[in-house]
């Protein structure tokens with residue numbers, strides 16, 4: 001056991017050693033946490049935020065972007081869809097990379113891809129390029145950013161498992177996961193504010209590229225280790241206990257996990273559709289881009305607030321299943337309300353309230369569901385269990401967006417429309433948003449009725465500690 005007199009900034013709890021501890025975890029009686037975990041979490045949050053900003057840069061200003069690059073709205077939507085298309089095949093490699101090569105290599109590589117993509121996007125809209133080359137170059141930069149997304153978005157569960165003690169995992173996961181919608185918030189509010197007219201598209205891409213460069217420097221220089229010298233919890237030592245392919249096989253045979261994979265993946269797809277198509281849905285009914293950006297901002301702000309409350313609640317009570325089921329049900333009701341209110345004119349206040357509630361109940365599920373995926377699949381690696389759910393969400397997102405776009409119909413008369421892309425006829429989104437609400441409701445019902453599981457990781461830690469508190473210390477390194 002480590003000499004306790006040499007530890008600083010710590011707290012101690014005496015442990016009763018179980019007579020028959022778990023053979024995998026029996027050697028872990030003293031656990032230690034390091035202050036540098038907060039810096040790694042900070043860099044991950046910045047990277048996650050920057051990547052989501054780059055993802056949805058064009059969605060709030062789809063009309064102006066289409067005019068500036070001389071393309072259609074469908075092509076502009078592909079600047080968002082490319083994230084999902086690229087992530088699907090790359091995600092399997094990312095889960096292997098996190099569980100095999102480690103956290104540091106994954107984060108540094110993700111930060112470089114994110115930075116190079118952001119810079120290439122800016123180069124693509126400079127005046128020196130001919131008009132026909134602008135969109136392909138921007139799409140190339142967006143593709144590099146898309147390559148970075150799974151490297152970043154799979155990381156929170158792995159980071160919290162390796163660096164944080166049991167009583168901080170859900171909160172740390174919430175902080176890291178909610179940095180992604182924070183980037184969506186920035187894009188939703190600042191893209192319309194910066195652009196105004198099509199001539200400001202280059203300024204927009206330059207402003208979004210600067211943080212990506214700074215974050216790349218912080219990740220490359222500041223993150224030195226993939227894991228701490230000693231584990232913070234009983235389960236951290238066995239974080240990679242199952243080989244990658246064997247872990248995949250175990251997940252595919254896990255009924256509870258497969259239900260979570262399909263149902264929560266559908267939830268991710270619904271929120272992706274909402275974030276990507278919000279401006280196009282609202283402009284048909286006379287709502288300007290600034291108001292659509294405000295609604296997107298409220299959606300994210302209230303989502304972060306809800307996630308904060310829910311993360312603290314779950315860290316204290318460990319009621320992952322109950323919290324997820326209740327919030328999924330309430331978010332489905334909010335989605336139904338949005339599908340109705342968004343098709344009405346002059347309902348700005350009601351629309352803002354519905355978007356706020358949709359975010360409050362919906363976004364808050366994400367970090368808790370990611371922790372739940374680890375609990376129901378332990379001892380499979382965290383990156384593998386969380387990564388497959390993300391892949392499911394990306395596949396369903398592509399399907400949903402293409403489906404919803406295909407269900408739109410040109411409107412013969414749209415006197416209140418503020419849409420301005422290429423002079424094309426405004427599109428009716430009445431049927432697509434109703435279909436989106438129906439899909440959200442159907443998968444929510446399936447999850448509430450059929451999902452049941454044990455908390456395997458918590459049970460393993462309780463068994464390792466003999467149902468007694470474990471010793472956790474804090475190192476200043």
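Just so you know, the numbers here start at 1 and follow the chain as drawn.
Just so you know, glycine gets a Cβ as well, placed from its N, Cα and C.
Automatic prediction, not curation, is the source of TrEMBL annotations.
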As TrEMBL has it, transmembrane segment corresponds, among 105-123, 124-142, to residues 105-123
Distal contacts, the transmembrane segment (201-223) - CB-CB under 8 A, six or more residues away: 39-40, 43, 46-47, 50, 53-54, 57, 61, 64-65, 68-69, 103-104, 107-108, 110-112, 114-115, 117-119, 121-122, 124-127, 138, 190-191, 194-195
Which one of these stretches, 38-58, 78-98, 105-123, 175-195, 386-407, has the most C-beta pairs shorter than 8 Å to the transmembrane segment (291-314)? 175-195
Proximity of the transmembrane segment (386-407) to the transmembrane segment (257-279), 3+ C-beta pairs under 8 angstroms: yes
Give the one range among 105-123, 257-279, 351-374 whose Cβ atoms make the most pairs under 8 Å with those of the transmembrane segment (175-195). 351-374
Could you name the stretch, out of 105-123, 351-374, 427-451, with the greatest number of CB pairs under 8 A to the transmembrane segment (78-98)? 105-123
Looking at the stretches 105-123, 351-374, 427-451, which one shares the most CB pairs under 8 Å with the transmembrane segment (257-279)? 427-451
